[in-house]
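**Student:** Can you read through this structure? Questions will come right after.
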């Protein structure tokens, strides 16, 4: 139906009004460039122009298509000319290199600037508010505009870019583009910062106005945006998970921490062992009580006299009763026992008859073996000491060193202050900003003076002067020779002048060192702080100074609250160049001496050098020499005095055996020297553990055997027709099998311990096993000859030491020693009383139960502080390192040679940008960094591959070459002959593949970052890619990240364990089935802490093999008495388990040092147990109790006076050591070894034998009877 006339006229008028508004919206506010900016003089201002949009020439069309594809429509009439587009392209180079990783983000970002610069609808949302005349061009400059932006658009642009990473810097891109940390960046302050005329990039003021509704007749720019999960119209894919958290799906959740194993709310192990112990007590005491009642009823007493002289367990029988009862095994055991007895008897007799021959032969052999000490090498290198060459960590370290060079040597200072007053900055707008005392400018000048003094230090090496410049890391050399100094003062170019930069008036401070600091901690890669002085944040060496590396003692990202400054001087490490390494060591020594003498009342400085730990360990060893010598002197004096048996004061000088004791000690030391010499001949280096522990071990074993031989002789009666050599031969035949049993058991146990993969444990086991065996050989030869000579001296009534002095003959008195009488008359009968034995079992089983309950609670690891002397400067450094440092050590994810980076498939398996696999290497590390408390990975990795893709893009000005020569052309070079590496085509925008990939990669790795291209890979990646085949292929590469803060051994162990699990997953994800390369993690501490991943297994294996060796040897040498060997092994096992209980109580952690001590305790425990068990097995008394009593009386006193008292005196001196490692791992563990060994061997074992000892070997009993029948000894015994 036709409209009424008035209504029709109204509609036409409304249409005309709308059309006029639309036409008005089509005009421009500028076109072309006019005069230079007064603020940024090298940049141009736009010319004011209010006419309609103009079409572009062909060159401009190409630029518009490249930069602003959203404006390509119609006749392409726009409000900018070709020069403006060229300027736009130049200005967006840095954002392009960081944001183009995410196509949606970069599209939205470019929309913001394209609409501002060229939009034909410019006047709808851009309003020019200030102008200036330009007489030169007869035009008007635009000095200030208001840019109306939809809040929705601003939010969408920010959201699409908020997660984009900057791989080379391990931070988010917005941290570099927002003028503040990404966590503080918002849509508004990001856009405001980019448009701020003070940032040094914008030639005129742009005032952004955010609104979603028309304001002041302006319609906010609200163009279409893309979410980072969306694909673009040109086919570009969605952003990667690393650059777009929304594309990642649900945030990964770490697996729940396993709760402690509890039962009814109590620790499960403790509860189980408590219940088991209670059950054992009930059963054991029930059985003991029942047996006692039965014995009371059926038998008078276990101690009753032997009523029947012909009962089978009495040597008083005529021997015929045993013939039919002895088993084959018993007969075999007796024959083997007799063979050893005869062999050692004849050998002992020979040694006494030919003493000079035996002694001289021994001395010659000892001299020959000891001469090998001239070839001795002592290993102090911690890597050689703790890491096996065949271990995974060692092989990975060698691989890293070979392909990328060894990790830098580190010289570091941690600086705090005694000042307490905080400072504050009053900015032109906003509240006051408080700064910690250490950031006071006066203190910073003092710190800079210290830093400068260090850089000027000079050392001498082989007549040459060595400075820091000669050895420091200079990543941009030879273009930039400045040393890498990771210091907050590098924000000020290490210059007092820059530090003092100040711009203020009488009211406000507009710029000073604090404003520069705030800018740099948020944008450490900035080449211009956009302030009045345009100071850079990048260090003088050409790299960024990340705040978490140079500041400490703050929370979250509050860097201005830092309470410590950290200064690090990386120095090159040299793998096979001893001269260059010597220069570094010489300079480090001067550095350490300088810092030890440095004093400043305002600064508290702790420091460390790469050589510090090794130096302090050496100093510690030197300082402990006195303690060790005193310890050994005390043991030597005791041995010399206690070995003699003084029958009367009149015969004191004759009966003493000081000279024999000294000879015995020299034999022990000779066996140690022989062991060291033999292995030095072979070329096996020594370790400090070998030098410190083995003399203690061999002295323990050797002294025990010496006391057994001498005291057995002192208790023996020579027969009327028996000569001295026959008597000593007979005695040696009695005791040498027991000595052989203990020594051979220890030797085999130690040699099996050499199967360990730990160098420290393996070396100790080899040296200890050989030393113990040589000691045994010298004792049954040289010492026996010396004993024969000493007895002849004594019988000739000549004084000890001064043997030429002969005293008048007197009546020869012989009596039992006090200790022997005590053991025989008092101690042994008491321990084996009916009511004492059950209590002993209850106590020792209780100790065992407790130790089993806490064995899994022993800490694993070795804190670095324990390896330092009490007065070491390193202790302050370690404390400050733990308290102030805010990042962990760097970790390198190494991809071994074999991965194909030239194919899309190979690239997608590794990279982290658009189109990369969701389970790529970079993506998996990124996902792990989101769970930093679990994975111990704190940052996304720096990815040379992703940065290379950004660098080589045709839109970027980074990758260019000289058209004539093909040589690389740096982005800072202005030369028309420089052309882009790749064409601005659809294929050119794709990633390079094949030969093209390799053609430009060397250029990337040699490109230094600059103001026009921040993606140059020389500084960040020059060592990260191992090119091979004359730069035609990529070999091994690495991707670097950081661990979280690691403070304790448990943290280091957990970090290495988690990152290895991560790389195993990465290897499985990226390695094709037909390839065998892998991805592995490398960090400098892995070689030291890898041992703790398997320390429990290694401990169980070493101790298990030692126990197995002891069991097998004991079975054979005890005459194939299997049960005796079982009891020996059981008792030693109890000692070892109780050692773990002591370790838990005394806070001794499980590590290589304590494992060596545990292996040693296994050997020493044999001395406490085997002699008692063998004495029990050869005893022919009527009952187990009597046999245990006899064994304890005869062997117990020798064991107590020998190994127990000797070691106890020497160990107490170790408590005075300045070394924490000595106090904990030697004093505490040695004391526990001796106390546990003595109590188990002299208290528990006799009681155990009285209950469960083996029956009398009937063949041995018969043989014992036959040996004395018809002799004078038959009368003495019976």
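Keep in mind that glycine also has a Cβ here, set from the backbone N, Cα and C atoms.
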**Student:** Scan 688-710, 803-825, 826-848, 849-871 against TrEMBL and say which stretch is down as transmembrane segment.
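**Tutor:** That would be 688-710, per the transmembrane segment entry in TrEMBL.
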**Student:** Of 603-624, 625-646, 889-910, which span is tagged transmembrane segment by TrEMBL?
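**Tutor:** In TrEMBL, the transmembrane segment feature sits at 625-646.
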**Student:** Below 8 angstroms Cβ to Cβ, which residues of this chain, lying six or more residues outside the transmembrane segment (1229-1252), approach it?
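**Tutor:** 696, 828, 831-832, 836-837, 840-841, 844, 1127, 1130-1131, 1134-1135, 1138-1139, 1142-1143, 1146, 1148, 1154, 1157, 1160-1161, 1164-1165, 1167-1169, 1172-1173, 1176, 1184-1185, 1187-1189, 1191-1192, 1196, 1199-1200, 1203-1204, 1207-1208, 1211-1212, 1214.
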**Student:** Between 625-646, 658-682, 1127-1146, who has the most Cβ pairs under 8 Å to the transmembrane segment (356-376)?
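**Tutor:** Selected stretch: 658-682, with the most Cβ pairs under 8 Å.
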**Student:** Who are the long-range neighbours of the transmembrane segment (1127-1146) in its own chain, taking Cβ under 8 Å and residues 6 or more past its ends?
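**Tutor:** For the transmembrane segment (1127-1146), the far contacts come to 844, 847-848, 850-852, 854-855, 857-858, 1103, 1107, 1110-1111, 1114, 1154, 1158, 1161-1162, 1165-1166, 1168-1170, 1173, 1224, 1228-1229, 1232-1233, 1236-1237, 1240-1241, 1244-1245, 1248-1249, 1252-1254.
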**Student:** As a test of reading the model: what is the averaged pLDDT for the domain 'SSD' (624-789)?
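**Tutor:** Over the domain 'SSD' (624-789), the predicted model scores a mean pLDDT of 81.
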**Student:** Could you pull out which residues elsewhere in the chain have a CB under 8 Å from any CB of the transmembrane segment (658-682), counting only those six or more residues past its ends?
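**Tutor:** The answer is 365-366, 369-377, 636, 639-644, 690, 694-695, 698-699, 702-703, 706, 710, 766-768, 770-772, 774-775, 778-779, 782-783, 786-787, 790, 800-801, 803.
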